[in-house]
Structures are given as structure tokens and as C-alpha cells.
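Colleague: Pasting the feature list from Swiss-Prot:
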type	residues	note
BINDING	GLY428, PRO429, PRO430, ASP431, THR432, GLY433, LYS434, SER435	ATP binding site
COMPBIAS	124-140	compositional bias 'Polar residues'
COMPBIAS	582-599	compositional bias 'Polar residues'
CROSSLNK	LYS509	SUMO cross-link
REGION	139-303	region 'DNA-binding region'
MOTIF	92-101	motif 'Nuclear export signal'
Amino acid sequence: MADKGTDNFDLEGNNWYIVHEAECTDSIDTLDDLCDESNDDSNISNLIDDDVVDQGNSLALYNAQINEDCDNALAHLKRKYNKSPEQAVAELSPQLQAVKITPERHSKRRLFQDSGIFEDEAENSLTQVESESQAGPSSQDGGGDINLLLLQSSNRRATMLAKFKEWYGVSYNEITRIYKSDKSCSDNWVIVIFRAAVEVLESSKIVLKQHCTYIQVKIFGFSALYLVQFKSAKSRETVQKLMCSILNIQEYQMLCDPPKLRSVPTALYFYKHAMLTESSVFGQTPDWIAKQTLVSHQAATTAETFELSRMVQWAYDNNYVDECDIAYHYAMYAEEDANAAAYLKSNNQVKHVRDCSTMVRMYKRYEMRDMSMSEWIYKCCDECSEEGDWKPISQFLKYQGVNILSFLIVLKSFLKGIPKKNCIVIHGPPDTGKSLFCYSFIKFLKGKVVSYVNRSSHFWLQPLMDCKVGFMDDATYVCWTYIDQNLRNALDGNPMCIDAKHRAPQQLKLPPMLITSNIDIKQEQSLMYLHSRIQCFNFPNKMPILDDGSPMYTFTDGTWKSFFQKLGRQLELTDPEEENNGVPSRTFRCTSRSNSDSY
């Protein structure tokens, strides 16, 4: 029987590397001393990593791995079951469609349709989902899950336009005009709301009344069509913010554009909807609908041919002479007058405006020439609605040392146009109020100003043909020399020849002239031939200035109106009503209208 335990082999000469048992050592008592002893004698450093272990975000790594596996599985299923569209090859290249690797084989005819378990499973599932969505109760009231549809669709506006045409029976673009800018303003707006609460839509009929003069609302399920006319013009941004705050919706649930105001089908569409029981209407029908639908308004706008005489009469009655004033105000008048509307539709607006301005100037020029100076002054007083006091004129003349009686005597001869007394010169140092005093006088009498700077032009005196009083400011010595050499007849008050633009030289008497200067020509012997043709007043004192920088003496149209009304008898001015025994003259009429006050 063999001995149990370790068998000893007799290996002679090899006993040095065979260890039969552990040797006991008394020099090291504990395990720690043994570890310290071994570390001290070791030649390998940092063999053991004693740092704190960082676990990391293992859950995120696991989720990323799971997502990657799911994506790979879905991609494999899509490649397996989804068929590529047949037209994809033709869309890529028509020539590529002709290239075929496998030969063409005719498909076998089948008596019965395939069960679709293998090929048509995806198509059947899609068809089933569509049928379920169509059978839902929400689609019957026009609402549906329109929010989800709008979010999923690539073109939200196209989806909303299609739904609008399906629900309301008309294309949205046929009744609206597109504003490219959201900041363009309009009074009338067409607003379409998608997927809003019915209660909120009903309450909006009351809330919008404080903002609008006309409201037409038609609610179709969870959608609504608004035609509103605001009290003031609003932009698309303002309208969208207002509707979003009232209905608690988002901007993508809304279509907002102004209606076609000149479209008869658009007017008839909203006029028809206003009579339906489903529609709620507040306010009076807008004018753009009434003019195109109601018989009375259509009869009032039947005369669509433009008449220049009516335009001239309107400009004459409203005292519009400049071309810019006529063009702007007559365009605004198109909402009230058919002839102005026909003017806007005309392609010759510039010609009409130019002709109208020319005719009005001719009529006004003849009336001015036909009036005496007294009639003209009282006409200016009647047209001035401002009230004032004539005392600042008297106080200012007294401040400058001018006797009021002497001034009235000279002014009386000046207004009558007596020869040799047809020109008043006010001279003195600078800042004495000469120009302020004369400009206010010329403004009230609607005079014209000529400037010596334009002397090189042949027509620089032409403005004096259209006024009752002329004015030249700040005449220098060179200017006086020119007047002495060329314009003695103008100061005499006798007829002279004036070169006018686009016409033959005109023979007429120049109006009384008012001139300011810093030179006292009475002291200039070289201008002695002008001494008998002018009447001078000296303003030696500077104009007093208040603390705010304004002059102490101010002269307005009301001041001169009060001056002529107060001192009319002293100036020998006669009231036209007294000459006609209180009977007013007949107003001018250049068109065959029945009522002269219709404008």
C-alpha cells in the first residue's frame, strides 16, 4: 500500500530548488511588517493603483447602446418590407430607367387577389388608419385633429387653404389680397381661425365689438371665418396679437389678410353670408360691400366717365391751386365722389392734375384782376377765420417813431395805386423788424415775393402778374442801381411789358411794391431819380426780444384783419356788400351741376 501524502522522489543533485516545507522566521512578527519589508526592497513603483474609482454614467452608455440597436433593427425592417417607389428611377434619370439587369418577365395572371400577408400588409394597415380617422365623429363638425395635421404637414399654409376651401366653399385667395409685409395697415380684415374652442369663438363676438365697427362671424365646428372692420387701421401683427389674446390660440392657427375691396364676387360672398342664419353680424354694412351690392349705391356710382370740369370746380371751391395739393386731396375724395374714383382709374392722372391746376389759376387770376383793392382786402378778411387786435401794429409803429396818421395817408395812396406813390420803402439798421412787419402784411393780402438774385432770368418778374401786392426784401445798392436803370416804370405805377414763360410778353400795370432795405436812398444822390417815386419810413430801433427768444410785437392774419376792419374808413375802403346793397354776388360755376354747394 502506497504512502499517503507527498511522495518524495529521489532526485540527486536537484534538492536546491525543491521546497518541502515553509521555513519559519522569527524576525517578522506581523503581516504589515511583511508588506512594508517587501515594499522597501521592491524596485517597481506605482504597481498598484490606489486612486478612487470613477464609475461614470453607465446608464447613459446603456441607453445609447440600446438606441443604436433599435435604430439598426428598424433600418433592417424598413429595407425588408418597404418597397421603393416605381417612379423613383424615372425621377433620377430617364436614361437610367432603360437600363435593366434582369430580363423582363410577364407576371402570371391571378384569378383571385393576393391575400396581402406578405406584400401588402403595410398598405392595408395605412388604409385602415385612414378609414378610422374619417369615421371619427370630430370630422363631421369641420374640426378634426387640425392641430396635429398642421404640425405634421410640411406646408401649413397649403393645408389651411385646402381646409378653408373644403369647409367654406370658396378659395381663400379669391376673396383676399395678400399683404407681403406684416406691418401694412388696413381697416378691413378677413380672419380665419382653426381649432379653437367653441365657447371662445362665441364670446369673441362680444369682445370684438369694442375694437370694430362691423363684425361678421361664421362658425363651422372648431373653425371660424371673420370679416371685421376696425375703428382704426391695423397691421397684420396687431390683428394676430389681438386674436391670439382673445381666442387663446397660436399664430399658426390663423389666416389673416385684407379682403378685395373692388371685387364684386367678394362683396357678394360676404353679403350672402351676412343673410345666413349661421352668421352673426354686428354693425352697419361696410361701404365697399354696399357700393357693389345695394341698388341705391350702384345707381350713385354709375357715372364712371371722368369729367375734368367737375375736378376743376372741386379744386376752385376748395381753393387748391398747386398740383401736389390737387392730386393728393382729390385722390382722398375718391371714396365719396364717383368722378374722383374715375380719376383714380384713369391712366392720365398727371395730365388731368396739370390741366386742373392751370384752369384754376386762370379763374383765380381773372377774379383777382376784376376785383378792386377794397374788394380784395375784404375778401382776404372773409377768408381769415382768426381773430386778433390791431393795436400791436400801432404800438410797433409808435416804437419805431412812425406817426400812425402819416402811415395811414401813405398806405391809402399805396393801396389806390396812385402814380409816383405806388412804392413804400422801409429802411433802417438790421434786426429792427422790417422784414417781419412786411412779410406779415404780404401774407395776409396773398402777395408775391420777387428776389433780385433771379435778375438774370427773363421771367423773374412773372410772379407779380398774379398778385395785388408785390414785395422785395433787403434791396442792396446794386439792386437799387438796377431798379434805377430798368424798373422806373414799375415804381411809377404805369403799364409796362413783362416777359412771361410760354407766352408772349404781357402788357400790364405792376401791383404796388413794398421794399425793405438797409440803405436810405433819399441820401444817395446817384439815385435821385427814384426819390420822387418812393415813400420812405425809417425803423431805427431794434426789435425787443422776450426771454423765450420771441419778438415782443407779433403780427398775424388776425392782427391785419382787425387793422383793416377798424381803419377801413380812414383808408377809404368800401365794403362790397354795401356796394351791392347787401346782396351777395353769385358764386362761380364751371360745371353743369344743379346745386352749387354740393362740393
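Quick reminder: no glycine exception, Cβ is built from N, Cα and C everywhere.
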Colleague: Can you name every residue in this chain, apart from GLY428, PRO429, PRO430, ASP431, THR432, GLY433, LYS434, SER435, with its Cβ inside 8 Å of the center of the Cβ atoms of the recorded ATP site?
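Modeller: Residues close to the ATP site, other than GLY428, PRO429, PRO430, ASP431, THR432, GLY433, LYS434, SER435: THR516, ASN518, PHE539, LYS542, MET543.
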Colleague: Across all protein chains in the structure, which of the recorded positions LYS434, LYS509 has the highest Cβ count within 10 Å?
Modeller: LYS434
Colleague: Looking only at C-alpha atoms, tell me how far PRO429 (ATP binding site) is from LYS509 (SUMO cross-link), rounded to the nearest Å.
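Modeller: The separation of the Cα atoms works out to 32 Å.
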Colleague: Please state whether DSSP places GLY433 (ATP binding site) in a helix, a strand or coil.
Modeller: coil
Colleague: Taking the Cβ of each of the binding-site residues and counting other Cβ atoms inside 10 Å, which one has the highest number: THR432, SER435?
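Modeller: Buried the deepest by this measure is THR432.
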Colleague: Would you find the one among the binding-site residues GLY428, PRO430 whose Cβ has the most company, meaning other Cβ atoms within 10 Å?
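Modeller: Of GLY428, PRO430, the one with the most crowded Cβ is GLY428.
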Colleague: Can you give me the Cα-Cα distance between LYS434 (ATP binding site) and the residue listed as 'SUMO cross-link' in Å, rounded to a whole number?
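Modeller: Between the Cα atoms of LYS434 (ATP binding site) and the residue listed as 'SUMO cross-link', the distance comes to 26 Å.
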Colleague: Quick one: Cα separation, SER435 (ATP binding site) versus LYS509 (SUMO cross-link), in Å?
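Modeller: LYS509 (SUMO cross-link) has its Cα 25 Å from the Cα of SER435 (ATP binding site).
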Colleague: Quick one: Cα separation, THR432 (ATP binding site) versus LYS509 (SUMO cross-link), in Å?
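Modeller: For THR432 (ATP binding site) versus LYS509 (SUMO cross-link), the Cα atoms are 32 Å apart.
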Colleague: Taking only same-chain residues 6+ apart in sequence, whose CB is under 8 Å from that of ASP431 (ATP binding site), what do you get?
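Modeller: In sequence order, the residues whose Cβ lies under 8 Å from that of ASP431 (ATP binding site) (at least 6 apart) are LYS542, MET543.
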Colleague: List nothing but the one residue from PRO429, GLY433 whose Cβ has the fewest other Cβ atoms within 10 Å; the candidates are the binding-site residues.
Modeller: PRO429
